[in-house]
Amino acid sequence: MTDSSTSEPEMSAAARPRKKLFIKTYGCQMNVYDSDRMRDVLTPLGYEPADRPDDADLVILNTCHIREKAAEKVYSELGRLKPMKEEKAAAGSSMTVAVAGCVAQAEGAEIQRRAPVVDLVVGPQTYHKLPELIASVHRGRGEGLDTEFEVEDKFDALAIPDRQIEGYSAFVTVQEGCDKFCTFCVVPYTRGAEWSRPVDQIVAEVRALAAKGIREVTLLGQNVNAYHGAAPGGREAEGSWGLGQLVRHLALIGGIERIRFTTSHPRDMDDDLIAAFADEPKLMPYFHLPVQSGSDRILRAMNRKHSAAEYLDVIARMREARPDIAISGDMIVGFPGETEADFEATMDLVRQVDYAACFSFKYSRRPGTPAASLGGQVDEAVASQRLLQLQALLNEQQEAFNRSTIGRTLPVLFERKGRRDGQIGGRSPYLQAVHCDGPAELIGQIVEVEIVAASRNALAGRLSGGKRSAA
Ligand code: 5AD
Ligand code: SF4
């Protein structure tokens, strides 16, 4: 293996030996964003993308710890990497295996004990140190462990204006971490305390994205609507900005046509942000607001800090501000102590909200979280039955929502060629996948499409002639 030491500044990127990088991403959109940033910091060291792990010199698993299944997948993948690494070693080359993300943060050195194939464990806040850490692995020194929280460092070093761009829609992390401590959730432990990036840094990143042809940005944060970033430079007197202010400001950047944000908490939904849905047309009328349960008893045990009625009130205010808004959510069934009546309350709330889309999960017991030691853990078969029942209702709602758009003309951001020749695909304002016949030149543009058919997962449309905005 060639040493990728950072101590050779005179060597240009072009002159560096070519190496192959394979990153496998698990979990949420923030991990997708982080994987892109890891690619960005490694590109100047000569790393190019590999299509398969067995072709790679460096394999990074960017992991998710949110539910047990997600965490276990990492160990299965490490099992598959072991023979590949051995084969490479036998052939005289080598493979470096790194585990990044929330499993790395939560389990640290334990990973290397359980899977010695791992050379390096790196937590979400220290990706900017990857070049240095990899170099130290290659030199066979250092512990190769770095999972401390150093949030500011991470963003200073990773806000690279010339990041690699593909497509027309991009994620931008604006906030990280969570102080809510829902009793089932590992996020406050894996992503640390709630923290917001300064407005200036976000604006610089979004401007750079717009210059590369990005038309849509999705602002990411585990508690994105708690955003409170430092006001732009020179205006310190203004203190910090909320998400509504940030959205309106980003909407002024030329080329940016669509703004979305995820994930929000009902407690942090302020009037200014709700008003932004009414008065900022670039803010898309699609809103993801998890509730987790419809039972106040369970919401209390979850430490959600809101009741079912308070959640429904936020939804009502959103619908008043933006009547065509589509709502999505997250639900958990089988939380400890959940009775049939609690579950019925969840079904009731779902009927009242009428979701356009909703993720639903069986409660997964996460060691170290308060709910893990609660009594009344729900029988697996009961939880599975409830999940099936809930998902049947949610699927019905999703299909009904999609069907309700038949006959409407919606602006679609075309992003790719369709599966069939002559077909193109994109997204409606409500995040629905839309396919229609059309020329590839429309990719990257927002075009009016008449919706002619709908299924649970996609819409079919017909170009209706009016192009809304040029590339
Ligand atoms: N078990 C099941 N689902 C969970 N989620 C978070 N933690 C757990 C858990 N322990 C779900 C919540 C959250 C989404 C990202 O994942 O619904 O909103
Ligand atoms: Fe987890 Fe609750 Fe924070 Fe969401 S709000 S990340 S569910 S602790």
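Including glycine, each Cβ sits where the backbone N, Cα and C put it.
Because TrEMBL annotations are produced automatically, they should be read as predictions rather than curated entries.
Note that the structure is a prediction, hence the values are computed from the model and not measured.
Under 8 Å, Cβ to Cβ, and six or more positions away along its own chain, Cys102 ([4Fe-4S] cluster 1 binding site) finds Gly27, Asn31, Thr63, Cys64, His65, Ile66, Pro124, Val186, Val187, Thr190, Arg191. Among the features that TrEMBL reports, [4Fe-4S] cluster 1 binding site is placed at Cys28, Cys64, Cys102.
If you look up TrEMBL, you'll see Cys178, Cys182, Cys185 marked as [4Fe-4S] cluster 2 binding site. Residue density at Cys182 ([4Fe-4S] cluster 2 binding site): 21 other Cβ atoms are found within 10 A of its Cβ, drawing on all protein chains shown.
If you look up TrEMBL, you'll see 19-139 marked as domain 'MTTase N-terminal'.
Per TrEMBL, the feature domain 'Radical SAM core' maps to 164-400.
Sequence annotations record features per position, and here TrEMBL assigns domain 'TRAM' to 403-465. Taking H, G and I as helix, E and B as strand and the rest as coil, DSSP gives the domain 'TRAM' (403-465) the counts 5 helix, 36 strand, 22 coil.
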Residues flanking the [4Fe-4S] cluster 1 site, with Cβ no more than 8 Å from the Cβ centroid of Cys28, Cys64, Cys102 and excluding those residues themselves: Tyr26, Gly27, Met30, Asn31, Thr63, His65, Ile66, Ala70, Gly101, Thr190
For the [4Fe-4S] cluster 2 site built from Cys178, Cys182, Cys185, further residues of that chain with CB within 8 A of the site's CB center: Lys180, Phe181, Phe184, Val186, Val187, Pro188, Gln222
Fewest other Cβ within 10 angstroms of its own Cβ, chosen from the binding-site residues Cys28, Cys64, Cys178: Cys28
Helix, strand and coil residues within the domain 'MTTase N-terminal' (19-139) as assigned by DSSP: 69 helix, 25 strand, 27 coil
